[in-house]
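Engineer: My questions all concern the structure below.
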Amino acid sequence: MASHDLAESLLPGAGGGGGTSSSHDEYEERAYDSDDKVSISISDSEADDADAGDARPAFSWRKLWRFTGPGFLMCIGFLDPGNLEGDLQAGAAAGYQLLWLLLWATVMGALVQLLSARLGVVTGKHLAELCRDEYPTWATRALWVMTELALVGADIQEVIGSAIAIKILSGGVVPLWGGVVITAFDCFIFLFLENYGVRKLEAFFGVLIATMAISFAIMFGETKPSGKELLIGLVVPKLSSKTIKQAVGIVGCIIMPHNVFLHSALVQSRKIDTKKKSRVQEAVYYYNIESILALIVSFFINICVTTVFAKGFYGSEQADNIGLENAGQYLQEKYGTALFPVLYIWAIGLLASGQSSTITGTYAGQFVMGGFLNLRLKKWLRALITRSFAIIPTMIVALFFDTEDPTMDILNESLNVLQSIQIPFALIPLITLVSNEQLMGSFVVGPITKVISWIVTIFLMLINGYLILSFYTTEIRGAFVRSSLCVVLAGYLAFIIYLIVRNTTVYSRLRSSMAKSS
């Protein structure tokens, strides 16, 4: 009886008196329960129109509004404190020269996120669930561990970003570790809002994104960056040996591994009849529109941050030393109070960035854990477990780095590398699955999209390989440590090769020959 009572308290829907079922799906983890999903119908006659054929229904602004939400939660991954730090460092070190790279990095990120949304809509499952179905148990567990490591790395930066903002807004009264404690409780905000429905949660994130947009737009207006230099920077590619580190940082920050998993789950928050081709076409169409609109907003915010620091600090003595922890103070010294106190405007925008990204990180963590491990747990328990993964190491970091220590830069670089090395474990399964005709049916990606996707993936892997090599040569000391990392790296590369070749004819023939020989 004790074990039964424990199950009732931890499992969703346990003990609800709804009867028994032999259906396998009842015991599988799902991103959203059917009762939690948002209806996208706008009229009673709409279902009859959809039955008329496979053609997508005509465009409707009201229908677009019903689908709007998941893309804006996804775009927060492009606006987390790690991205903001990459923006300000690129602006301070390279001026307006890397804006073109920011543009194309956002375009690459958009391609990945559109594929993720397409996969979730067409299959009715998110990426973590599909990986569990597609790969053997050992590979599924390995992918889960890699994704959790990326989540922890991102969450540490996001929580520290929030804590820095709280410290600024409190006038230094709240120390860094105190800000971490305050931020730790954001999971309860998430749970509170989620109980009121998906749309309320999406509205909350909309407010946070608007806060960022307004804050950084005010900074842009007060500092008045050059419009001419901005346009030149967007259309004229420039890259020098002095700015290669910032260029790698911009590209590496845009693609967040957990964000790919998150978006494929978020799109399932709408009630879509996946058995009707016209409904799936409609959902893919509207999700593409709202995702692109959301990424335009995120691009605008990133542009504001980059150009503000380009105008204020490019070519200055502070350019090489600027980061999240001192950016606000540098802005205050440079621009004073002007119309609004720029220090607090920066802090408000940073706080909105940190809070929104930590909550979406909690959200992503639930989908990742539930999807890979098929864990059916109460939402509060999954949120608590996911939060603990990040808060405990973050608290250690906050206590150890409660000053403007140069070691913080090394830590941030280490966390960037940690996230960068996980990118293949999100992109390779994604492209493999959306290219699977048996899984995607008529919605399988075409050869051109497939080739472009693989080019983007290989490019990102090369960029991140450079980041890993740079970190290895500059920060890793000692023969034993280097040798150990080489062994780990060999296993890492072997796993990537396995994921790439697993669905090829070469791999199938190799397995067949091995089976015959045994």
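Quick reminder: no glycine exception, Cβ is built from N, Cα and C everywhere.
Because the structure is a prediction, the values reported are computed rather than measured.
Pulled these features from TrEMBL for this protein:
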REGION    1-37  region 'Disordered'
COMPBIAS  23-37  compositional bias 'Basic and acidic residues'
TRANSMEM  99-121  transmembrane segment
TRANSMEM  142-166  transmembrane segment
TRANSMEM  172-191  transmembrane segment
TRANSMEM  203-221  transmembrane segment
TRANSMEM  247-266  transmembrane segment
TRANSMEM  287-310  transmembrane segment
TRANSMEM  343-368  transmembrane segment
TRANSMEM  380-401  transmembrane segment
TRANSMEM  421-439  transmembrane segment
TRANSMEM  451-473  transmembrane segment
TRANSMEM  479-501  transmembrane segment
Engineer: Looking at 99-121, 247-266, 380-401, 421-439, which one has the highest count of Cβ pairs under 8 angstroms to the transmembrane segment (172-191)?
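Structural biologist: The stretch with the most close Cβ contacts to the transmembrane segment (172-191) is 380-401.
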Engineer: Counting a contact as 3 or more Cβ pairs under 8 Å, with residues at least 6 apart in sequence, do the transmembrane segment (247-266) and the transmembrane segment (380-401) touch?
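Structural biologist: Contact between the transmembrane segment (380-401) and the transmembrane segment (247-266): absent, because fewer than 3 Cβ pairs are under 8 Å.
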Engineer: Looking at 287-310, 380-401, 421-439, 451-473, which one has the highest count of Cβ pairs under 8 angstroms to the transmembrane segment (99-121)?
Structural biologist: 287-310
Engineer: Do at least three CB pairs under 8 A connect the transmembrane segment (421-439) and the transmembrane segment (380-401), leaving out pairs fewer than 6 apart in sequence?
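Structural biologist: Judged by the Cβ rule, the two regions do not touch, with the required three close pairs absent.
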Engineer: Grab the same-chain neighbours of the transmembrane segment (421-439) for me: Cβ-Cβ under 8 Å, and only residues 6 or more beyond its ends, written as numbers and ranges.
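Structural biologist: Residues 112, 115-116, 118-119, 123, 127, 130-131, 134-135, 143, 146-147, 149-150, 255, 257-258, 260-261, 264, 445, 450, 453-454, 456-457, 460-461, 464, 468, 492, 495-496, 499-500, 502-503.
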